[in-house]
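Structure record follows, encoded as structure tokens.
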Amino acid sequence: MSQHVSRLGGLRGRSHGHGAFGGPYHQRLRRVGRRPRRIAMLSVHTSPLHQPGTGDAGGMNVYIVELAKRLAAIDIEVEIFTRATTGTLPPTVELAPGVLVRHVDAGPYEGLAKEDLPAQLCAFTHGVMGAWAGHRPGYYDLVHSHYWLSGHVGWLAAERWRVPLVHAMHTMAKVKNAALAEGDTPEPAARVIGEEQIVGAADRLIANTEEEADELVRHYGADPELVAVVHPGVNLERFRPADGRAAARARLGLPPDALIPLFAGRIQPLKAPDILLHAVAHLLDEDPRLRERIVVPVVGGPSGSGLAKPERLHKLAARLGVSDVIRFRPPCTQDELADWYRAASVLVMPSYNESFGLVAIEAQACGTPVIAAEVGGLPVAVRDGHSGILVPGHNPADYARELHRLSADPGLLKRLGSGAAHHAERFGWDKAAAATADVYAEAMRGYRRLRSVHG
């Protein structure tokens with residue numbers, strides 16, 4: 001019997017027969033014991049203050065910021081430890097009332113790739129321990145780490161502070177390596193081993209979806225009793241239809257009657273923006289008349305240090321003969337991104353893997369349907385035929401066909417847009433924070449019980 005916290009109707013279970021969880025699990029997670037007063041949240045490789053869509057900043061940054069704010073709103077103080085990336089950063093920044101960001105010096109400030117960060121975990125851990133040393137015992141009630149790098153720091157911190165560790169993978173090496181894009185680099189064995197160690201050390205694991213929970217059990221041997229599913233949320237105050245598509249297009253200088261398939265996110269093979277470019281080329285070959293009324297914005301920057309430009313994508317657009325309809329735009333603020341969502345006819349997400357797909361929920365909250373690959377958590381984020389269209393595989397011709405279908409059927413596009421806004425209303429950060437707080441309470445109760453048994 002395994003427990004899954006789900007914002008979509010409380011706790012959900014599925015029958016797996018002899019699969020990962022061995023049967024249905026409908027028991028409601030009991031709210032027992034106290035919630036933490038203050039937690040240490042760890043995000044080694046990317047700061048919640050960074051602009052999403054740049055470098056390694058993306059959905060995880062949004063996740064941490066929104067979750068921390070909502071936890072603070074229910075009286076759980078959050079201190080976020082992250083690596084300092086410039087020498088001008090103050091030691092601490094108040095992100096919101098009850099949310100403090102602590103910058104930790106670990107390695108050179110600039111030009112350090114994520115792949116080089118394992119060598120800096122000792123320095124980062126030293127900084128975290130140094131910040132804690134000035135506090136009384138019991139200052140933090142729990143550690144919540146994000147991504148495998150943070151998990152290793154959290155493992156040591158939780159043991160030193162004698163508090164439970166809650167960990168969120170966000171992405172997993174074994175899953176990514178099983179669905180690599182052409183030309184993408186496999187995740188190293190060191191990461192796989194590191195993730196296996198964290199799974200064994202954590203008191204609770206939070207998965208974005210039931211599928212991710214299954215993957216934790218199937219690929220990493222996680223104890224099903226320690227895995228909780230909490231769907232991420234969306235900021236429904238920021239991401240909403242607002243004054244509509246026409247007004248958003250006017251603000252962005254886009255044609256009022258254009259077909260606008262949008263890509264928004266980091267420019268990396270995993271996100272597959274090249275699939276969209278190939279699909280657009282295929283679409284224009286099939287229906288050359290569309291060239292006069294199609295605009296394809298690609299909003300985002302390259303992964304890593306952010307110093308490189310997405311030159312390969314520019315060259316691909318030129319080679320495919322679609323440079324005239326592609327509009328490359330740099331990463332933008334969350335408020336500006338909301339306008340891009342509203343202006344778009346449809347968001348296209350041909351990713352090879354997504355643990356959830358926050359971008360899909362954000363777009364739908366703005367009333368924009370989504371064409372997405374049927375991978376990872378996207379079948380949860382997108383309701384096929386109601387809020388968008390799920391495409392099996394990554395054949396550009398399949399995406400071109402769906403784009404053509406939407407361009408030829410304004411009624412369908414409108415129905416999907418209405419369904420998208422309705423679907424997104426089910427995903428709010430307040431619910432996600434409440435469910436996460438319940439996981440914390442369970443972790444603390446289990447930790448206290450274990451200590452009472454073992455002394």
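Each residue, glycine too, has its Cβ placed from N, Cα and C.
Annotation comment: Swiss-Prot describes 1-25 as region 'Disordered'. Taken from Swiss-Prot, the feature 1D-myo-inositol 3-phosphate binding site covers HIS45, ASP56, ALA57, GLY58, GLY59, MET60, ASN61, LYS114, TYR147, THR171, ARG191. Taken from Swiss-Prot, the feature UDP-N-acetyl-alpha-D-glucosamine binding site covers GLN51, PRO52, GLY59, ARG266, LYS271, GLU354, GLU362, and the record attributes it to sequence analysis. If you look up Swiss-Prot, you'll see TYR341, ARG342, ALA344, THR368 marked as Mg(2+) binding site.
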Given the binding-site residues ARG266, LYS271, ARG342, ALA344, GLU354, state which is nearest to TYR147 (1D-myo-inositol 3-phosphate binding site) when distance is taken between Cα atoms. GLU354
Out of HIS45, GLY59, ASN61, the binding-site residues in the record, which is closest to GLU362 (UDP-N-acetyl-alpha-D-glucosamine binding site) when you go by Cα distance? GLY59
State the count of C-beta atoms found within 10 angstroms of the C-beta of ALA344 (Mg(2+) binding site), not counting that atom itself. 31
In whole Å, how far does the CA atom of ARG342 (Mg(2+) binding site) lie from that of LYS271 (UDP-N-acetyl-alpha-D-glucosamine binding site)? 21
Rounded Cα distance, in Å, between GLY59 (1D-myo-inositol 3-phosphate binding site) and THR368 (Mg(2+) binding site) is 18
Can you grab the distance from THR368 (Mg(2+) binding site) over to LYS271 (UDP-N-acetyl-alpha-D-glucosamine binding site)? Cα atoms, rounded to a whole Å. 19
Other CB atoms, at most 10 A from the CB of GLY59 (1D-myo-inositol 3-phosphate binding site): 24
Inside 8 A of the center formed by the CB atoms of TYR341, ARG342, ALA344, THR368, which other residues of the chain have their CB, for the recorded Mg(2+) site? ARG245, ALA248, LEU262, ALA338, ASP339, TRP340, ALA343, LEU347, ALA363, CYS366, GLY367
If you count, for each of the binding-site residues ARG191, ARG266, LYS271, ARG342, the other Cβ atoms lying within 10 Å of its Cβ, which residue has the minimum? ARG191
With Cβ-Cβ distance below 8 Å and at least 6 positions apart along the chain, what are the contacts of TYR341 (Mg(2+) binding site)? List them in sequence order. PHE239, LEU262, ALA264, LEU347, GLU362, ALA363, ALA365, CYS366, THR368
Most crowded position, judged by CB atoms within 10 A, among GLU354, GLU362 as binding-site residues: GLU362
Counting other C-beta atoms within 10 angstroms, the emptiest spot among the binding-site residues ASN61, THR368 is ASN61
Test of understanding: give the count of other CB atoms lying within 10 angstroms of the CB of TYR147 (1D-myo-inositol 3-phosphate binding site). 21
Including all protein chains shown, what's the count of other C-beta atoms within 10 A of the C-beta of HIS45 (1D-myo-inositol 3-phosphate binding site)? 22
Cα-Cα distance linking ARG266 (UDP-N-acetyl-alpha-D-glucosamine binding site) and ALA344 (Mg(2+) binding site), given in Å to the nearest integer: 18
Looking at the binding-site residues HIS45, ASN61, ARG191, which has the shortest Cα distance to LYS271 (UDP-N-acetyl-alpha-D-glucosamine binding site)? ASN61
